[in-house]
Amino acid sequence: MTTAATSTSKMAAEPAGGSLRFYGVWLLGIVILIVLPMIFSSGGSLTSFSLIGIAIVFALSYNILLGQTGLLSFGHAVHYGLGGFAACHMMNAVVSHGWPIPLPFIPLFGGIGGLAFAMIIGWVMTKRAGTVFAMISLGIGELVASSSLILRSVFGGESGITTDRTALPKLLGWSFGPQLQVYYLIAFWLVLSAVAMYALTRTPLGRICNAVRDNPERVQFIGYDPHVVRYFAFCFAGFFAGIAGGLAAINFEIANSAYLGAIQSGLVLFSTFIGGTAFFFGPILGAILVTYLQLGLTNLTTAWQLYFGIIFIGIVMYSPGGIAGLLMMHRPLIRAGTLWTVIPSYFVAVVPTVALACGVILTIETVARFSGGDPINMFGIAFRATSPVTWLTAAILVVGGFFVARLTWRRIAEAWDRAATVARDRGYLA
Amino acid sequence: MTAAIEVRAVEKRFGNVGIIRDLNLSVAKGERHAIIGPNGAGKSTTFNLISGHIKPTSGEVRLNGDLISGLRPFEINRRGLSRSFQVTNVFARMTVWENVRCAVLWATGHRYAFWKNVDSLPEVRQRTAQILDDIHLTHRRDVPAGLLTYAEQRELEIGITIAGGATVVMLDEPTAGMSHAETDRAVSLIRRLTEGKTLVIVEHDMSVVFGLADRISVLVYGHIIASGTPEEIRRDPKVKEAYLGEEAH
Ligand SMILES: Nc1ncnc2c1ncn2[C@@H]1O[C@H](COP(=O)(O)OP(=O)(O)OP(=O)(O)O)[C@@H](O)[C@H]1O
Ligand SMILES: [Mg+2]
């Protein structure tokens with residue numbers, strides 16, 4: 001959505017052109033959100049867009065911890081889930097008491113739910129960063145998730161808490177029955193939250209969060225208590241996660257224990273990391289990609305979690321900066337005008353890399369279906385899992401693809417090195 | 001007049017090893033005080049004890065007459081004491097500009113503010129620009145601190161230390177590893193930036209020490225064996241024997 005980096009951005013004296021481009025990017029994002037459902041108006045795509053919007057808010061909130069303050073949480077879904085429950089209870093209370101609160105205000109109560117819990121447990125949790133914080137977050141996550149099944153009056157046990165979003169007072173004649181209206185409600189809160197979270201990175205607190213991430217020891221010697229800084233970051237992250245949870249509650253008209261659980265916590269970590277934590281827009285890319293993969297892959301294959309794992313390992317090993325990191329690597333080359341020397345090597349690499357990927361997919365699907373299932377359909381060719389031809393094809397693709405692909409990857413690296421050296425010589429940092 | 005820093009009978013043991021033994025040190029306000037001593041004497045440990053990085057096993061430390069031993073580093077820093085580190089200790093992924101600006105924020109009263117745009121705080125911007133100018137890093141303002149050269153990082157280290165406007169500045173080997181020319185530049189920088197402030201400096205380069213300091217303390221095996229003007233230290237037989245003798249300059 002925006003190209004501003006959270007760590008190495010240009011500061012105070014941004015030239016007018018820069019700020020124009022900056023507002024342009026945000027405006028473009030808003031326009032896209034408005035017109036998307038006009039272009040893709042099927043029920044399925046509206047549902048997808050709604051889920052993506054929620055996932056973006058959630059992932060951005062997670063990056064307040066991971067990317068901006070250097071806190072690795074394994075239990076961020078707790079705030080998302082509690083936000084969802086808070087929103088459901090609030091909606092039911094509004095309906096039963098006849099309060100004049102229309103639906104668009106409900107996500108705020110989700111946020112308050114997430115924030116309240118963060119404020120209560122945060123002080124103890126953020127005493128330490130690093131492994132201690134990660135472990136406590138895991139423990140709290142499990143604790144809350146299991147409590148949600150025990151404390152039936154609050155969490156509704158297995159079935160959760162249901163609600164009816166259309167029963168709330170109407171706003172400007174919108175009942176929020178149709179998915180399209182819900183989509184716009186989510187898009188509205190997405191913009192609001194994204195702007196607020198971006199603005200947070202531009203405040204004294206936001207900058208000190210970065211300092212705590214980089215060097216919590218030194219921060220103490222410039223007057224700051226890193227514990228307080230982490231606590232603030234934790235509360236803000238909890239608040240925005242709660243908003244995301246509130247949006248989910250509105251979208252599904254239910255909140256249940258799955259909202260709070262380890263899978264949800266893992267998914268947001270996954271999205272944020274894949275998107276890239278060093279840039280504000282990274283988690284946005286990650287949330288879009290992961291939600292799409294999740295929706296798409298679950299229909300296509302039973303082994304979808306395996307693909308998630310492979311993608312995650314690949315990113316961790318080969319591109320720890322995530323997708324955003326990969327994209328932003330090109331910026332100095334674009335500025336120095338040397339990108340074109342690298343592009344051809346990309347094209348050369350595409351064919352063997354795709355062959356390798358197909359081989360891997362074929363292998364996974366073959367193994368997954370060995371004990372029965374439909375044949376694998378790839379490029380119109382049906383492969384049967386028990387047929388030796390399938391195994392041979394997979395082996396050739398994987399082994400052959402790998403060796404050829406490795407050669408082409410080396411060529412990319414060489415071309416890249418040359419281009420980066422030139423860029424550096426021309427004064428653009430690579 | 002109360003001393004800027006008063007260290008009384010401080011002991012520090014790591015496990016069973018006594019690293020600092022009966023340390024007594026007094027630094028007057030406005031004084032430039034050098035601490036010298038052989039490697040491993042406990043100079044950095046003394047800095048850590050005064051700045052709150054570690055707590056004394058016993059004894060007390062006073063800043064402008066107030067007891068500060070036992071306080072946490074940021075509490076001591078807020079009372080006007082700032083220190084640098086022997087091993088460069090900056091915010092590596094943040095730019096030079098942001099490094100210095102972060103060090104300005106508390107002192108300018110913005111603290112944990114999350115309702116202000118950090119880019120539109122005029123006094124913060126002015127002060128940051130001034131300090132970058134002072135440490136000659138204006139042309140490197142948008143470079144991540146981790147990518148600076150060693151000498152530049154040392155200058156940034158000084159910049160971060162003085163950015164908050166502390167009245168007591170402690171520098172731990174600011175010129176270590178610098179070339180001759182870089183050292184000269186750093187020394188004149190230090191001299192200028194600590195004008196009217198209390199300075200405590202650890203330094204191995206004797207020409208720097210004797211050129212800069214009003215008073216010198218000699219630390220050997222965690223104990224101050226002599227404290228006085230450069231002239232007194234030069235003449236002190238104990239110092240000659242314990243320190244200057246073995247590290248002939
Ligand atoms: N945290 C610690 N735990 C155990 N021993 C320590 C610790 N910190 C310092 N020491 C020991 O205390 C002694 C003094 O160390 P210190 O770093 O203060 O020396 P120094 O005078 O600054 O030396 P140099 O000139 O090399 O910087 C050393 O023997 C060191 O190994
Ligand atoms: Mg030392």
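Numbers run from 1 along the shown chain.
From the backbone N, Cα and C atoms, a Cβ is placed for every residue, glycine too.
TrEMBL: automatically predicted annotations, no manual curation.
The transmembrane segment annotation in TrEMBL covers A:20-40 (among others).
Residues annotated as transmembrane segment in TrEMBL: A:46-65 (among others).
What TrEMBL records for A:77-99 (among others) is transmembrane segment.
Per TrEMBL, transmembrane segment is recorded for A:105-125 (among others).
The annotation transmembrane segment is assigned in TrEMBL to A:182-200 (among others).
The transmembrane segment annotation in TrEMBL covers A:231-255 (among others).
Tertiary neighbourhood of the transmembrane segment (A:267-292): same-chain residues 1-7, 48, 51-52, 55-56, 58-60, 62-63, 66-67, 72-74, 76-77, 80, 194, 197-198, 201, 308, 311-312, 315-316, 321-326, 328, selected by CB-CB distance under 8 Å and a gap of 6+ residues from either end. Summarising the annotation, TrEMBL assigns transmembrane segment to A:267-292 (among others).
The transmembrane segment annotation in TrEMBL covers A:304-327 (among others).
Annotation comment: TrEMBL describes A:339-364 (among others) as transmembrane segment.
Residues annotated as transmembrane segment in TrEMBL: A:389-409 (among others).
Only residues 6 or more beyond the boundaries of the transmembrane segment (A:182-200), in the same chain, are considered here, and those with a CB under 8 A from a CB of the stretch are 1-2, 4, 26, 29-30, 33-34, 37, 46, 49-50, 53-54, 56-57, 60-61, 64, 103-104, 107, 165, 176, 206, 236, 240, 243-244, 247, 250-251, 280, 284. Most Cβ pairs under 8 A with the transmembrane segment (A:77-99) among the ranges A:105-125, A:231-255, A:304-327 are made by A:231-255. Each of A:46-65, A:231-255, A:304-327 was scored by its Cβ pairs under 8 Å to the transmembrane segment (A:105-125), and the highest score goes to A:231-255. Note on the transmembrane segment (A:46-65): residues 33, 36-37, 40, 71-73, 76, 79-80, 179-180, 182-183, 186-187, 189-190, 193-194, 197, 200, 209, 233-234, 236-241, 243-245, 247-248, 251, 268-269, 271-272, 275, 277, 280, 282-284, 286-288, 290-292, 295 of its chain, located 6 or more positions outside it, place their CB under 8 angstroms from a CB of the stretch.
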